[in-house]
């Protein structure tokens with residue numbers, strides 16, 4: 001097979017670099033930070049990305065502008081084998097794989113995003129922390145880059161698992177009985193979550209100051225154990 005002339009190779013490299021730069025420029029950066037005293041295995045949808053973060057480590061994840069239904073959560077107590085791809089987690093497990101095709105098994109704390117377009121028509125990002133699927137790790141969403149966001153971002157710093165009532169206790173987490181029930185709540189159980197983390201969604205119709213907004217194109221930090 002004949003090799004390409006040097007000029008053609010350089011042009012091809014330039015096209016790839018420019019395409020990559022354009023895709024990155026039109027993407028939102030989620031910097032996921034583990035400030036817990038234990039390892040967290042964050043996962044994200046719809047990209048299906050997954051990673052291992054030991055205490056103090058961070059991970060930059062690029063999410064296309066305009067992505068709706070983006071979710072990030074942390075898994076705990078994982079034991080992966082076979083090159084880090086197969087195993088099981090105590091909380092947030094998604095079929096025993098490092099990369100996930102669905103939100104992890106409850107109980108799990110979930111960051112949710114609906115991103116506006118970063119360029120062109122503009123718009124807003126909408127985001128929240130949901131405890132509808134229960135709780136497994138403290139979390140905060142922090143807008144980055146000095147963007148003007150009316151209320152900043154939600155925070156759930158309480159170690160809810162340590163205070164979880166007996167009837168809600170699960171392995172390494174705290175369950176929410178309203179999971180999967182669109183008509184459930186508020187109840188004494190959802191109010192337990194609300195008291196400890198008032199900025200979070202605790203049942204499907206919980207709109208008590210739970211949705212946060214930022215200008216489209218804002219980058220975010222998702223911090224475990226803020």
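Just so you know, glycine gets a Cβ as well, placed from its N, Cα and C.
Record features, source TrEMBL:
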- 1-27: signal peptide (SIGNAL)
- 36-225: disulfide bond (DISULFID)
- 78-89: disulfide bond (DISULFID)
- 94-100: disulfide bond (DISULFID)
- 156-197: disulfide bond (DISULFID)
- 164-174: disulfide bond (DISULFID)
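A simple Cβ count within 10 Å picks out one of the disulfide-bonded residues 156, 164, 174 as the most packed, and that one is 174. Closest to residue 156 (disulfide bond) by Cα-Cα distance, out of the disulfide-bonded residues 36, 78, 100, 174, 225, is 225. Looking only at Cα atoms, residue 89 (disulfide bond) sits nearest to 174 among the disulfide-bonded residues 164, 174, 197, 225. Packing around residue 89 (disulfide bond) is summarised by its Cβ count: 23 other Cβ atoms lie within 10 angstroms of its Cβ, all protein chains included.
Non-local neighbourhood of residue 225 (disulfide bond): 34, 35, 36, 37, 137, 138, 157, each in the same chain, at least six residues away, with C-beta under 8 Å from its C-beta.
Shown in sequence order, 129, 131, 155, 156, 157, 158, 160 are the residues of the chain, 6+ apart in sequence, with a C-beta less than 8 angstroms from the C-beta of residue 197 (disulfide bond). Taking the C-alpha atom of residue 94 (disulfide bond) as reference, the shortest distance to any of the disulfide-bonded residues 78, 164, 174 belongs to 78. When the alpha carbons of residue 164 (disulfide bond) and residue 78 (disulfide bond) are compared, the span between them is 22 angstrom. Its Cβ placed at the centre, residue 100 (disulfide bond) has 23 other Cβ atoms within 10 Å. Here the CA atom of residue 78 (disulfide bond) lies 17 Å from the CA atom of residue 174 (disulfide bond). Its Cβ taken as reference, residue 94 (disulfide bond) is surrounded by 22 other Cβ atoms within 10 Å in the chains shown.
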